[in-house]
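What TrEMBL says about this one:
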{"type": "ACT_SITE", "residues": "300", "note": "active site, proton acceptor"}
{"type": "ACT_SITE", "residues": "302", "note": "active site, nucleophile"}
{"type": "BINDING", "residues": "223, 224, 225, 226, 227, 244, 266, 267, 268, 288, 323, 328", "note": "GTP binding site"}
{"type": "BINDING", "residues": "228, 239, 241", "note": "Zn(2+) binding site"}
{"type": "DOMAIN", "residues": "181-343", "note": "domain 'GTP cyclohydrolase II'"}
Ligand SMILES: Nc1nc2c(ncn2[C@@H]2O[C@H](COP(=O)(O)OP(=O)(O)OP(=O)(O)O)[C@@H](O)[C@H]2O)c(=O)[nH]1
Ligand SMILES: [Zn+2]
């Protein structure tokens, strides 16, 4: 065998760590359990998304004689009344059913009511939560230590990943970022735009839409836009996303050129299914930030490193950013993009989106000047 073929880091396969994390992620997406190892620890973990009584019973059998615990993020642990500063593992009664597990993991009614034993999640359990997030599941898993020397056919089928490999995966993610394809598309306005598609290591398509012919030696107008299926495509009135996207495109057209980065960051990075869960919680009274944290997420899970990489790949490193969101300015600046100016994108305030926009302005510092001055901080 040639040296090139025996390499653990071949061009075909990537490095062994990345392979194991990618495989673990696909197992979680298929709702299968995985095994996570960390020094001296070997843990079986099952995401609670897709759990039913049959799967709960089978997982309990697989873990036996150890009883699975419910591992939740720090945010979720706090919302059910524990004083958590890390992810936590909650002991479950042996007779607990699926609906109680979902209530503990994601319901608003459950807040402040957990009375069982709680302990800080182990390294392997914390890595399991991180993987659940990356697979766009609820960030909650059932987990139990594997008995030493356990050896059976079922266990042989379970993919194993190292906790440290999971932790390094996000940091190394840019290595596997690829330019995939591009084409020119005539838009409704008559403008021709070049859609350049990149693929990230999780398989998501990230798109740079180049309007006109920007001069990349000068600051280029850029809209960094996170996907919002409900708003961008269907004109949902719950948010301002669709209006902002159209305003941004019109602005670039009037300026003659620019770039829209259309990022696969649905629901501020929690994914479409979890955004719907967040909307249900908002229907029961929570605001957009508290709904995210009640589900166990950060109020905003987005990272702008991939956006910065897309800009660098396009040779676009000095920009004028179209946004009201200070976190985007910070994120891109920290990732090495020079922002020479900000352009506001003020979408109409309606009875449907007023509460959402007010929360963004008051709690997240968005510069939304067409809300009443009383609720809007000055830029
Ligand atoms: N989790 C969650 N996500 C939401 C909600 N409403 C809208 N979103 C998502 O929020 C994101 C908004 O993205 P952007 O419009 O790019 O950014 P922004 O943070 O509003 O900042 P701007 O640049 O000023 O528009 C999209 O991914 C939407 O899917 C909500 O109530 N909950
Ligand atoms: Zn939206």
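Using N, Cα and C of the backbone, Cβ positions are placed for all residues, glycine too.
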Exercise for review: May I ask which of the recorded positions 223, 228, 239, 241, 300 have a CB within less than 6 Å of any atom of ligand 2, listed in sequence order?
Suggested key: 228, 239, 241
Check your understanding: Can you tell which of the recorded positions (225, 302) has the fewest other C-beta atoms within 10 angstroms of its C-beta?
Key -> 302
Review point. Compared by Cα position, which of the recorded positions 239, 241, 300, 302 is the closest one to residue 227 (GTP binding site)?
Key: 241
Point to revise | Rounded to the nearest Å - Cα separation of residue 223 (GTP binding site) and residue 302 (active site, nucleophile) | key: 15
Practice item. Select one residue from 223, 268: among these binding-site residues, choose the one with the most other Cβ atoms within 10 Å of its Cβ. Key: 223
Exercise for review: Measure from the CA atom of residue 241 (Zn(2+) binding site) to the CA atom of residue 266 (GTP binding site) and give the result in Å, rounded to a whole number.
Suggested key: 11
Exercise for review: Based on DSSP, name the secondary structure state of residue 268 (GTP binding site): helix, strand or coil.
Suggested key: helix
Check your understanding: Averaged over the domain 'GTP cyclohydrolase II' (181-343), what pLDDT does the prediction give?
Key -> 96
Exercise for review: Note down the number of other Cβ atoms within 10 Å of the Cβ of residue 323 (GTP binding site), including every protein chain shown.
Suggested key: 22
Exercise for review: Among the binding-site residues 225, 228, 239, 241, 268, report those whose Cα falls within 10 Å of that of residue 302 (active site, nucleophile); none is a fine answer.
Suggested key: 268
Point to revise | Listed in sequence order, residues not in 228, 239, 241 with Cβ within 8 Å of the centre of the Zn(2+) site Cβ atoms | key: 230, 231, 232, 236, 238, 240, 242, 244
